[in-house]
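Take a look at the structure set out below.
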């Protein structure tokens with residue numbers, strides 16, 4: 001691991017966790033639990049507490065069980081980041097986003113025993129998506145970055161093997 005690579009990783013973590021925690025702090029101190037602030041016809045800030053993981057999965061786990069599960073996942077993600085090839089920039093960036101998002105939600109879980117969620121997408125009274133937060137968004141964007149890079153590599157290899165095979 002190069003010093004430059006590790007510096008970018010740390011900067012990414014500081015930014016993702018810092019932004020996530022700053023917004024959550026604002027939500028907690030400016031919105032009562034259960035209140036909504038419409039932003040757009042399909043988007044609101046809606047202050048809720050999530051005692052589970054994504055989409056309230058594992059909400060039956062104990063507080064410490066969820067923390068332990070998150071720590072195990074974080075250790076695995078750190079191992080993946082360290083062992084991902086340097087030229088796979090998008091994957092390393094994606095893992096940084098995922099790790100930062102996981103740390104942001106872990107901080108909530110340790111400090112408050114729940115995660116602060118506040119982003120609500122909806123279509124009138126027809127469709128409501130699960131309420132989530134920026135940390136969840138970072139995790140999702142990280143997964144998209146990794147999948148994008150892997151698909152790009154797979155397509156490139158497929159094209160290369162077709163050219164090689166057709167000769």
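Each Cβ is built from the backbone N, Cα and C atoms, and glycine gets one as well.
Among the features that Swiss-Prot reports, transmembrane segment is placed at 8-28 (among others), with the record citing sequence analysis. Residues 45, 47, 81, 92-93, 96-97, 99-101, 103-105, 107-108, 116, 118, 133-135, 138 of the same chain sit 6 or more residues outside the transmembrane segment (8-28) yet have a Cβ under 8 Å from a Cβ within it.
The transmembrane segment annotation in Swiss-Prot covers 61-81 (among others). Beyond its flanks by at least six residues, the transmembrane segment (61-81) meets 9, 52-53, 92, 95-96, 98-99, 102-103, 105-106, 109-110, 113 of its own chain at Cβ-Cβ distances under 8 Å.
Residues or ranges marked as transmembrane segment by Swiss-Prot: 93-113 (among others).
Marked as active site by Swiss-Prot on the basis of sequence analysis: 117 (among others). Listed in sequence order, 46, 47, 48, 49, 50, 131, 132, 133, 136 are the same-chain residues at least 6 apart in sequence whose CB falls under 8 Å from the CB of residue 117 (active site).
Per Swiss-Prot, the feature transmembrane segment maps to 126-146 (among others).
Residues annotated as active site in Swiss-Prot: 136 (among others).
Around the Cβ of residue 136 (active site), 23 further Cβ atoms fall within 10 Å across all displayed protein chains.
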